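*Asks:* Pasting the relevant annotations from Swiss-Prot:
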type	residues	note
ACT_SITE	E225	active site, proton acceptor
ACT_SITE	D269	active site, proton acceptor
BINDING	D186, E226, H351	Zn(2+) binding site
DISULFID	C167-C191	disulfide bond
TRANSMEM	35-55	transmembrane segment
Amino acid sequence: MRSGGRGRPRLRLGERGVMEPLLPPKRRLLPRVRLLPLLLALAVGSAFYTIWSGWHRRTEELPLGRELRVPLIGSLPEARLRRVVGQLDPQRLWGTYLRPLLVVRTPGSPGNLQVRKFLEATLRSLTAGWHVELDPFTASTPLGPVDFGNVVATLDPGAARHLTLACHYDSKLFPPGSTPFVGATDSAVPCALLLELAQALDLELSRAKEQAAPVTLQLLFLDGEEALKEWGPKDSLYGSRHLAQLMESIPHSPGPTRIQAIELFMLLDLLGAPNPTFYSHFPRTVRWFHRLRSIEKRLHRLNLLQSHPQEVMYFQPGEPFGSVEDDHIPFLRRGVPVLHLISTPFPAVWHTPADTEANLHPPTVHNLSRILAVFLAEYLGL
């Protein structure tokens with residue numbers, strides 16, 4: 001990712017699991033004597049709104065008519081909340097899911113393929129019966145053609161709408177001879193969080209799938225987020241650009257395509273360092289950011305967060321330090337509502353060899369898993 005601005009018919013599973021598609025209002029005249037003051041007021045209001053919206057709207061958010069369709073639901077009862085939190089397993093998150101990801105996994109490398117297969121196998125092993133698809137493709141890069149592959153897991157592909165959680169699993173390429181870069185925060189921890197959430201809520205998700213809930217959970221593990229040479233529109237976001245374009249072409253009921261089925265796109269990036277701060281980047285999804293903030297407060301009051309001395313430490317009010325180019329951009333440009341959970345300012349270890357397991361802060365990782373688990377349970381009505 002790169003920081004900028006002021007401061008990133010239905011789907012069918014092929015034999016090999018590769019993604020492929022199935023075959024003006026009336027106006028009333030006003031008295032002339034009242035028209036001039038009204039026009040003046042409108043002009044002043046319009047100018048103010050133009051200035052405000054240009055400042056307040058984040059990177060390339062499109063003012064499309066499609067709005068979030070799920071109303072805010074009630075908070076989980078305390079007993080249910082405690083059960084959800086209790087189903088998370090910090091040792092499983094760390095040992096089973098995170099450590100296998102802490103390898104060099106640049107696009108096209110053996111480590112990248114190893115991690116991709118690990119993600120696919122883990123998702124297929126869950127009781128809920130996820131619909132797991134691969135999106136392999138070859139793209140032109142400054143280094144020549146490179147093979148990439150996204151992993152897409154949808155709990156119920158027949159559901160009308162999707163709550164989509166996404167992260168990238170590739171690691172940044174450094175020159176030969178450099179210290180190996182494993183990208184613990186960038187983005188091994190986000191990938192491990194998604195796997196742990198799916199495992200911890202496995203039974204609840206199975207039940208939701210059996211009941212044909214109208215909104216289902218979808219997980220995207222994206223390849224090629226990092227630039228291979230120098231960040232630019234053609235050298236970055238390879239996986240998200242390819243997948244967003246593909247999803248835009250695949251029909252989905254009630255339609256018209258799978259991109260429209262995404263009700264909320266939550267992107268996780270740069271997580272795992274101590275004392276992260278998150279800001280709402282887009283007015284369109286601020287209600288969901290506030291929900292995360294409320295969950296953080298509630299878990300703190302219930303003494304369910306570790307190394308968390310203040311009621312709110314993570315989800316901060318106010319404006320972010322600047323816009324960030326990241327894997328949400330291709331989806332945002334297609335009108336998808338985005339909630340970007342990225343630590344800003346970036347962790348001190350960002351894009352350095354120090355972005356390792358040793359510099360992660362386990363209490364923060366586990367706190368985030370608890371906040372996200374409660375958010376999913378409330379959003380999906382689990």
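Glycine residues also receive a Cβ, built from the backbone N, Cα and C atoms like all the rest.
How buried are the listed features, and what sits near them?
*Replies:* With a 10 A radius on its CB, E225 (active site, proton acceptor) counts 27 other CB atoms from all the protein chains. Under DSSP, E225 (active site, proton acceptor) is assigned to coil, being neither helix nor strand in the three-state scheme.
Note on D269 (active site, proton acceptor): other Cβ atoms within 10 Å of its Cβ, all shown chains, come to 24. DSSP assigns D269 (active site, proton acceptor) to a strand segment in the three-state reduction.
Taken residue by residue with DSSP, D186 (Zn(2+) binding site) is part of a helix.
The secondary structure of C167 (disulfide bond), as reduced to three states from DSSP, is extended strand. Long-range neighbours of C167 (disulfide bond) (same chain, six or more residues apart, CB within less than 8 Å of its CB): S187, P190, C191, L193, L194, L220, F221, L222, L267, L268, D269, D327.
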*Asks:* Test of understanding: give the count of other CB atoms lying within 10 angstroms of the CB of E226 (Zn(2+) binding site).
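*Replies:* The answer is 24 other Cβ atoms.
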*Asks:* Validating a neighbour-count step here. Other CB atoms within 10 A of the CB of H351 (Zn(2+) binding site): how many?
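*Replies:* Summing over all protein chains shown, H351 (Zn(2+) binding site) has 15 other Cβ atoms within 10 Å.
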*Asks:* What Cα-Cα separation, expressed in whole Å, is found between D186 (Zn(2+) binding site) and E225 (active site, proton acceptor)?
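*Replies:* Here the two Cα atoms lie 10 Å apart.
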